[in-house]
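Beneath this line is the structure, given in structure tokens, with notes to follow.
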Amino acid sequence: MGRGKIEIKRIENSSNRQVTYSKRKNGILKKAKEITVLCDAQVSLIIFGSSGKMHEYISPSTTLIDVLDRYHKASGKRIWDAKHENLSNEIDRVKKENDSMQIELRHLKGEDINSLNYKELMALEDALEKGLDGVRDKKTEVHSMFMRNGKILEEENRELNFLLQQHLTPEGARNMHGQWI
């Protein structure tokens, strides 16, 4: 006895709709895996449910990029627009810039400098000297600030000791060392 035909329309009951979605999603994912194995087909399947959750299957013998490239060639439809192409180019540019900065950082640390020519070594030396001068200036500034703060704290300490002595020495009180004044 076979199944009866159903009318294909939206299921109004939300719990029935969710159960049907789950079962049919699992069924179509299973069919995608089966057709990949049985027929050596390259399959890519992406499903977005009403909640926005994504489910996917891609044949183990391929990648999504390969499938999308083949789709583009076969159908002539552009999947990537100019905006995505620009973003891809920007990503490549930033990666190259990052690689360049990593190399420069290694050079500044004194690593991998054997490959540098004389001019590059001179430029590196100049950059290091400028950096060293900046560090020395900052160190001097911090040291001066500590010295100023130290003098301020010493003066405040003297003032507090004076006030404490005045408070303790009315009429025959002892000084800070316990001696009579």
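The count begins at 1 with the first shown residue.
Cβ coordinates are placed from backbone N, Cα and C, and glycine is handled just like the others.
Curation does not apply to TrEMBL; its annotations are automatic.
Per TrEMBL, the feature coiled coil maps to 77-111. As annotated by TrEMBL, domain 'MADS-box' applies to 1-61. Positions annotated as domain 'K-box' by TrEMBL: 84-170.
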For the domain 'K-box' (84-170), mean pLDDT (0 to 100): 91
The domain 'K-box' (84-170) - residue tally per DSSP class, helix then strand then coil: 76 helix, 0 strand, 11 coil
